[in-house]
Amino acid sequence: MESTTAFSEVTSALGIENVKIMEPFLWMLVLGFVIAFVLAFSVGANDVANSFGTAVGSGVVTLRQACILASIFETVGSVLLGAKVSETIRKGLIDVNTYNTTQELLMAGSISAMFGSAVWQLAASFLKLPISGTHCIVGATIGFSLVAKGQQAIQWYELLRIVLSWFISPLLSGIMSALLFYFVRMFILRKADPVPNGLRALPIFYACTIGVNLFSIMYSGAPLLGFDKIPLWGIILISVGCAVLCALVVWFFVCPRMKRKIECEFKSSPSESPLMDKKNRELRCPILKPDPEDIKLPVDGGIVAEVKVPILDMVSVSRTEERTVTFKMGDCDDAVEKEKLNSMETNIDQPMNGSVQLPNGNHVQFSQTVSNQMNSSGQYQYHTVHKDSGLYKDLLHKLHLAKVGDCMGDSGDKPLRRNNSYTSYTMAICGMPLDSLRNRDAEARPDEAEKFTVHGADGKKRIRMDSYTSYCNAVADPQMDVEAEEQEEGSIEDVATDRKSSSSSLEERHDQDKPEVSLLFQFLQILTACFGSFAHGGNDVSNAIGPLVALYLVYESGDVTTKAATPIWLLLYGGVGICIGLWVWGRRVIQTMGKDLTPITPSSGFSIELASALTVVIASNVGLPISTTHCKVGSVVSVGWLRSKKAVDWRLFRNIFLAWFVTVPISGLISAAIMAVFKYAILKK
């Protein structure tokens with residue numbers, strides 16, 4: 001008798017007796033592990049977009065780089081910060097004491113909750129809708145508990161908090177993100193030279209990023225790192241100290257290096273000629289030679305004509321098969337008035353000694369090969385001055401017809417073609433027709449030539465024009481204005497459409513960050529995304545394996561109220577499933593968060609990341625219900641609306657909000673259906 005009692009005590013201490021009791025339910029444990037992996041996969045496919053969606057959308061990182069970084073930080077965060085996941089299901093939403101004598105029902109409920117949450121998250125990922133994984137698992141838990149024990153086991157106050165979070169999370173985070181981006185735009189982006197203010201604000205941005213994210217991670221109280229033993233004042237002191245130290249390092253080391261890099265890469269760029277100093281112009285652009293003396297060009301019969309160039313003398317190197325233009329320029333503001341001449345008729349079919357004097361006083365000298373190709377047939381071609389060329393701002397100040405490689409320092413630059421906007425604009429100013437060149441190119445490429453011609457009512461072919469070609473036409477031939485007016489009268493709707501699209505393009509381009517501003521915010525956005533991914537791995541791994549932890553601990557101990565620590569390998573199991581889901585299907589929701597909802601820039605992306613993280617920290621301490629997904633979506637929409645009211649896809653936002661609204665009911669219904677099958681068909685309770 002004593003030996004039997006001693007054996008029972010030993011087996012009870014080792015947990016062998018409990019294992020034997022729960023052994024008939026081993027199949028439920030195996031099924032739970034399979035479904036938990038699917039749930040982790042769905043969390044990775046949907047929720048991870050919260051961290052790196054804006055970084056991918058702004059172009060700071062590629063999708064592959066985002067997946068690599070997220071895999072590292074999600075896994076590390078899930079292992080180091082996710083040790084509290086066993087409390088999520090067992091003590092958060094339901095009263096586990098009601099399952100003391102029916103452990104198998106709690107195990108079946110955990111499987112049902114994971115299945116319901118996984119199905120709805122996968123469906124949302126397929127629809128490219130970001131939803132809250134926490135709300136999914138909460139709805140599924142409520143669903144199975146209603147079937148198993150009725151209303152007595154549910155804490156309805158938690159459901160009320162979730163409903164409030166639908167409105168509090170996006171609204172609060174959106175306001176904070178909009179305020180932060182408003183100050184960034186006012187004091188940095190809208191300045192003529194945003195670099196000085198950006199460098200001054202850089203230490204503050206880094207300090208806030210480090211401080212907010214460190215506090216968020218330490219306040220989670222991860223027992224594996226000992227954060228649960230640090231008091232609140234200690235967490236605040238450590239966070240502030242690290243933030244100040246980071247600010248000093250950035251101010252004394254990062255800012256000077258960043259300033260030199262910006263000056264080297266952007267300030268001396270030949271495409272931004274107003275920013276070039278005299279030395280850079282002479283070194284990078286040898287064909288642009290300022291000369292205070294007059295330029296003398298040979299005209300007919302060896303006569304030398306003097307042309308004064310008050311702004312900048314343009315001398316191009318004489319080479320075979322190249323065209324050389326030297327002209328007289330005045331102030332760009334009244335250039336149109338100066339070039340209104342009585343007659344624009346010029347015969348350039350018979351140039352004398354390879355040069356000609358144009359009606360506006362300009363002298364054009366070109367090789368014999370080019371002059372032979374200039375056969376006027378009464379048809380002109382002009383090309384739009386493209387806004388992206390980098391020459392738009394100073395196009396009226398400089399003029400040359402050499403190759404781009406002569407002016408651009410990079411070896412990979414392409415030479416100018418005849419249909420290049422810079423060349424065509426130059427020809428328009430000089431009054432040189434390009435009809436023969438166009439005809440020759442049309443014979444070689446008839447399909448492309450047809451794109452640039454329109455047929456008028458009189459049967460004549462006219463070159464398609466838009467608002468940017470009007471100046472070229474006015475300078476080259478006043479008669480072209482008449483044809484342009486006739487075309488405008490005949491196609492008012494087309495002109496209005498082009499003008500609308502042009503204004504939209506200008507507005508969108510105006511909202512883009514300058515290259516030097518992007519450089520300032522790029523690493524900041526990557527840093528905030530990595531911190532967010534690390535915290536996400538510790539927080540949302542509970543959504544993936546919280547029910548699995550409850551299932552495993554109940555099977556192992558036979559007690560629903562066990563206080564056993566969460567095994568590390570279970571956390572790693574959930575982290576691996578999250579990463580696989582991100583790699584396989586994460587791009588869908590990332591596209592919604594980073595591109596489809598509204599365009600993202602590095603500056604706006606940083607504002608979204610930092611403000612949403614700050615919102616989560618503040619709301620958690622105050623006790624307000626919050627959702628990281630809802631915070632991020634609210635920040636994206638508010639910043640996008642502040643940048644441009646037309647930039648937000650409001651239909652997509654409506655669909656996302658509807659998905660939030662139905663998340664709890666749908667996941668709860670699916671979980672309740674599975675639980676009903678377990679209870680009445682399998683367990684027969």
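Glycine too: its Cβ is placed from the backbone N, Cα and C atoms.
These come from Swiss-Prot:
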TRANSMEM  25-45  transmembrane segment
TRANSMEM  66-86  transmembrane segment
TRANSMEM  106-126  transmembrane segment
TRANSMEM  162-182  transmembrane segment
TRANSMEM  201-221  transmembrane segment
TRANSMEM  234-254  transmembrane segment
COMPBIAS  482-492  compositional bias 'Acidic residues'
REGION    482-513  region 'Disordered'
COMPBIAS  496-513  compositional bias 'Basic and acidic residues'
TRANSMEM  517-537  transmembrane segment
TRANSMEM  565-585  transmembrane segment
TRANSMEM  606-626  transmembrane segment
TRANSMEM  656-676  transmembrane segment
Top Cβ-contact partner of the transmembrane segment (201-221) among 25-45, 106-126, 162-182, 517-537 (pairs under 8 Å): 517-537
Stretch-level contact, the transmembrane segment (565-585) and the transmembrane segment (25-45), CB cutoff 8 A, at least 3 pairs: yes
Sequence-remote partners of the transmembrane segment (517-537) [C-beta within less than 8 Å, at least six residues beyond its ends]: 47-48, 50-52, 54-55, 58, 60-61, 66, 69-70, 73-79, 81-82, 188-189, 194-195, 198-199, 202, 205-206, 209, 213, 216-217, 220, 258, 261-262, 265-266, 575, 578, 601-603, 605-606, 609-610, 613, 628
Outside the transmembrane segment (106-126), six or more residues from its ends: residues with CB under 8 Å to it: 25, 28-29, 31-32, 35-36, 38-39, 41-43, 45-47, 89, 96, 99, 133, 136-137, 139-141, 143-145, 148, 543, 547-548, 550-551, 554-555, 560, 585, 588-589, 659, 663, 666-672, 674-675, 678-679, 682-683
Stretch with greatest number of CB pairs under 8 Å, the transmembrane segment (656-676) reference, 66-86, 162-182, 606-626 candidates: 162-182
